[in-house]
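In what follows, a single structure is set out as structure tokens and then discussed.
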């Protein structure tokens, strides 16, 4: 699987076998060192023996377009680091290399900012625990243009999201008070509204890799279904008609990478399948729609 960035207007592929930078910090150990009695050389400031670990992180600087993307290694003492990968990234940026660039905000799996590929899996760095036994490789979300280091360009992703009109469209909005729905109708939105638009699912989808200019991808399609399934929305038929073309919806081939990688345990593949069914046999009443939330 290749990762892409922008260099002089062209996409440059970085394969996992790419050589590390000559500036990579070397780290090695031996059985004797692991079994040695702690001394001032191998004891951290906490008084515990150091638990050293390497993080190999994708680096690319748009200000130096002639330099190829590379993996740069950083060594941390896990006894001085929080338990999550995002904790390690923040420690590296604060204490070792301030040029390292990545997105982050809430640190609790709500905002979706820190989505990246960690050890081959798209996930949120704030929810991914550090593997204490093996080196960790961190890349940006795959098959996206790269702004810098671990920051993907999500311009096209948000353009597609805007295209589905992600808001209620109703002909019967109450003139006063709330626009109510029954508990059963509300229950049909579980497993849909929790999406945080992190793009982990879309960037894990091979169909989206090759057709992202026209295929909307699992995240956006699940959000499209979220509004179709809402009992307060009166434009479900029009929303489905907008997807009636070769690429927008039907490039989904039920590979299901999207459902496997979702850090919120949602099922975009199931939502996409329901859109296809609605378009084939007609949409059911809101209160009769299948429940998308995992049991």
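Positions of Cβ are set from backbone N, Cα and C atoms, glycine also.
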Same-site residue for [4Fe-4S] cluster (record: Swiss-Prot; known: 195, 198, 201; options: 252, 262):
262
How many Å lie between the Cα of residue 205 ([3Fe-4S] cluster binding site) and the Cα of residue 195 ([4Fe-4S] cluster binding site)?
16
Short question: which residues 6 or more past the ends of the domain '4Fe-4S ferredoxin-type' (185-215) have a Cβ under 8 Å from it?
109-113, 115, 122-124, 141-144, 152, 154, 156-157, 161, 222-223, 225-226, 229-231, 247-248, 251-253, 255, 257-264, 266-268, 271, 286-287, 289-294
If I take the Cα of residue 201 ([4Fe-4S] cluster binding site) as reference, which of the binding-site residues 111, 252, 258 has the closest Cα?
258
